[in-house]
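As annotated by Swiss-Prot, signal peptide applies to 1-18. Per Swiss-Prot, disulfide bond is recorded for 26-74, 40-89, 51-105, 55-107, 110-117. For 30, the entry in Swiss-Prot reads N-linked glycosylation site.
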């Protein structure tokens, strides 16, 4: 019995350290964005990085109307923008598509000034058949 206790005491810090990664797994992930330009008559798939994962959160049992409640979500901390230019577009067509590329991520309150804070669709979208 004493040996089990010693092993548990030795392993407990290691388990707690490995568990911290499980509690907050907000990190960069590779994604593909399908973009269609009807004006240019083309459809492309762009590979980029985004933020995805779980953030530690808790919900109060009692909800007070005086206290605002929010959940932390996995958001871009730093990002840049890249552009793609559609080829073979008619004159005056909008041939430039600009998209964000995540450089780092963080668990934070969603900032609706720069982010769509709604629920993401799990459905993969493709180009429309014309």
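Along the chain as shown, the residues are counted starting at 1.
Using N, Cα and C of the backbone, Cβ positions are placed for all residues, glycine too.
In the structure as shown, the Cβ atom of residue 55 (disulfide bond) sits within 10 Å of 17 other Cβ atoms. Take the disulfide-bonded residues 105, 107: by the count of other Cβ atoms within 10 Å of each Cβ, the lowest one is 107. Note on proximity: of the disulfide-bonded residues 74, 105, 107, the one nearest residue 117 (disulfide bond) is 74, by Cα distance.
Recorded residues residue 110 (disulfide bond) and residue 74 (disulfide bond) have their alpha carbons 8 Å apart, per Cα-Cα distance.
The most densely surrounded of the disulfide-bonded residues 26, 40, 89, 110 is 26 (count of other Cβ atoms within 10 A of its Cβ). Ranked by how many other Cβ atoms sit within 10 Å of their Cβ, the disulfide-bonded residues 51, 74, 117 place 117 at the bottom. A straight line from the CA of residue 105 (disulfide bond) to the CA of residue 74 (disulfide bond) spans 7 Å. In sequence order, 47, 48, 49 are the residues near residue 30 (N-linked glycosylation site), counting only same-chain partners six or more apart with C-beta under 8 A. Proximity to residue 55 (disulfide bond), defined by a C-alpha to C-alpha distance within 10 angstroms, is shown by the following disulfide-bonded residues from 26, 40, 74, 89: 26, 74. Closest to residue 89 (disulfide bond) by Cα-Cα distance, out of the disulfide-bonded residues 26, 51, 74, is 51. According to its DSSP assignment, residue 55 (disulfide bond) is coil.
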